[in-house]
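Worksheet: one structure, shown below.
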Amino acid sequence: MGIREFPGGAPRGKSIAIGMRRSPDVSPRRLSDISPQLRQLKYLVVDEAIKEDLKWSRSMEDLTSGPMGLTSIEERILRITGYYGYQPWAASYKREERPREPPGPAEAPASVGSEAGGRTSRRRWTCSRGQLQKTFWGVAVVSCVCASWAGAAQLAKLTFRTFDAPFTLTWFATNWNFLFFPLYYAGHVCKSTEKQSVKQRYRECCRFFGDNGLTLKVFFTKAAPFGVLWTLTNYLYLHAIKKINTTDVSVLFCCNKAFVFLLSWIVLRDRFMGVRIVAAILAIAGIVMMTYADGFHSHSVIGIALVVGSASMSALYKVLFKLLLGSAKFGEAALFLSILGVFNILFITCIPVILYFTKVEYWSSFEDIPWGNLCGFSILLLTFNIVLNFGIAVTYPTLMSLGIVLSVPVNAVVDHYTSQIVFNGVRVIAIIIIGLGFLLLLLPEEWDVWLIKLLTRLKVRKKEETAEGGADLGSGPQHRSRRARPSFAR
C-alpha cells in the first residue's frame, strides 16, 4: 500500500505507510503533539487502488459515517496517523473473522416507496424458507431430546424397582454406543452423492486421531480416558435416580453447563463473561437450596452429591475433548462414540461380573431381569445421544439444549402422579434458579451487542412513529379547513 506525494512534501515516488509509528515514551492526546505529521498529511493523497481495501476498515467507517459520526475529528486523525495502534490490515481485525455479507432475507428491508400520504413505507422483516425449516426441525429436535431424556430417567426409575443394579444398567446401555458408526454410515450411503466403502470411510474418519490413524497408543491415550468418564457420568446419574426423585436429578444435572463454563474459563482460557459467572452462582445456589428442601437428610444429600458428581464428570468430558481432540465432524464423532462402546465391551465388562459374584449387584436368575426395560432405556439413551450429537445438522444448537431443561417440568408432572414428591417453596425456587442459570448460559457471546442494536432499533422506530403522528396532526386541521371552505361559500 502506498500514498503519492506531491511537490512540497517528500520526494516524488517515495511511498510511506499510512500508519505512523508512535514513540513508546509519548502518548499524544492533542493535535499539537503531532503537528509535523499533520503538515505531511496535506501533501498525501490516497491512491484509488487502495480505497477498495480500506472500505471495510473502522477508520473509513468513521470518516464516512455522516455528520453525526461516533468519533470526533481529533480521534479520527489520531487513528489515521496510527497513534492508537490501529491498522486496518492487521491480523486482529481480518475480514475473514468478521465477514460482512449483504443482508439476508431476514435482514433485508422492504422496498421503500411513496404511499398515499407521501410517507415512506415501514421496514418489514421477513423470514427465509431455510430459517423456517431450521425452526421447524428445532421444535422436532427439542421434543425428541426432551422426550428421550425424560423417558430414560423415568424408565430407569421403574427398572430399579425390580432390578437394583445401576452399574450393570450403565454397562448394558453403553454397549449400544457401538451402533453409532454403522448408523452414520447408513445415513452416508443414503444421502451422500459420492458413496465410499466402509473401509474408506473408516480410514477417512480415523484421521481425526492423527496422521497415523487409530493406533493402540491413541486408543489408550485418547479414547480410554473418555470411556472411563462416560461410564462414571452415566453410573453416577443412574445411582442418583435410585436415591432421589427424577425431578431433582434432572434439574441438578442442568448444572453441568455451568461447570463446563468454569472449566473452559480456567483450562481453555475462554472469554470471560459476567452473565455466565452469574449463571454459575445461580447454579451453586440452586444446589444448596435443593439440598435444604429435604432437610439435609443423609439419603437426599447422597443423591444430590451423586448427581452433582455426574454433572462434573460430564463437564470434564466435554472440556477435555475440546482440549485434546478439538472439534469433530459427524463421521469422526460417530466413530469416536463407537470406539467408546468397544472400550466398554472389552475393558468394563469385568466390573459387572465382579459386582455380581460379590453380591453388590445381584439377581437370582437371568429370567428375572426386565429385559424390556433395559432395552427400552438403552434405546432412549441412544436416541438422546444421536439427536444431541447430530441434531446440529438440521437446527440451531441452542434449541437442542432447551430440550434438556424442558425435561424438568415433564419429570415433575410424572413424579407428581407416580411418587410422593413434595413441591415445597424451597424446591420450586431451587428449580427456577437452576433453570434460569441454564438459560443464561445459552446466551451467545455477543448478546449485549445484539441487545443494544435491538434497543436502538426500537428507539428509532418509536421516534419515526412519533414524527409521523405529529405530521398527521399538523396536516389534519388544514385538510379539514380546505374541505370546509366550499360549504361556507354557499
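Note that Cβ sites are derived from N, Cα and C of the backbone, with glycine treated the same way.
Noted in TrEMBL for the protein shown:
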type: COMPBIAS; residues: 22-31; note: compositional bias 'Basic and acidic residues'
type: COMPBIAS; residues: 479-490; note: compositional bias 'Basic residues'
type: DOMAIN; residues: 137-291; note: domain 'EamA'
type: REGION; residues: 1-31; note: region 'Disordered'
type: REGION; residues: 95-121; note: region 'Disordered'
type: REGION; residues: 464-490; note: region 'Disordered'
type: TRANSMEM; residues: 136-156; note: transmembrane segment
type: TRANSMEM; residues: 168-187; note: transmembrane segment
type: TRANSMEM; residues: 208-230; note: transmembrane segment
type: TRANSMEM; residues: 250-268; note: transmembrane segment
type: TRANSMEM; residues: 275-293; note: transmembrane segment
type: TRANSMEM; residues: 299-321; note: transmembrane segment
type: TRANSMEM; residues: 333-357; note: transmembrane segment
type: TRANSMEM; residues: 394-414; note: transmembrane segment
type: TRANSMEM; residues: 420-443; note: transmembrane segment
| said: Pairs 6 or more apart in sequence, C-beta under 8 angstroms, 3 or more of them: is that satisfied by the transmembrane segment (299-321) and the transmembrane segment (333-357)? | reply: no
| field | Any contact, the transmembrane segment (275-293) to the transmembrane segment (333-357), with at least 3 Cβ pairs under 8 A | value | no
| Residues of the parent chain within Cβ reach of the transmembrane segment (420-443), under 8 Å, 6 or more residues beyond its termini | 245, 247-248, 251-252, 254-255, 257-258, 261, 275-276, 278-283, 285-287, 289-290, 292-293, 398, 401-402, 404-405, 408, 412
| query | Residues of the same chain, at least six outside the transmembrane segment (333-357), with any C-beta under 8 angstroms of its C-beta? | reply | 165, 167-168, 171, 174-185, 202, 205-206, 208, 214, 219, 223-224, 226-227, 230-231, 325, 363, 385, 389-390
| said: As a test: from 168-187, 250-268, 394-414, pick the stretch that has the greatest number of Cβ pairs under 8 Å with the transmembrane segment (136-156). | reply: 394-414
| query | Any residues 6+ beyond the ends of the transmembrane segment (250-268) with a Cβ under 8 Å from its own? | reply | 149-150, 153, 237, 240, 276, 279-280, 282-284, 286-287, 290, 304, 307-308, 310-312, 314-316, 318-319, 322-323, 401, 404-405, 407-408, 411, 430-431, 434-435, 437-438, 441
| message | Cβ under 8 Å, sequence separation of at least 6 from the ends of the transmembrane segment (394-414): give me the contacting residues as numbers and ranges. | response | 134-135, 137-139, 141-147, 149-150, 153-154, 245-247, 250-251, 253-254, 257, 387-388, 421, 423, 431, 435, 438-439, 442
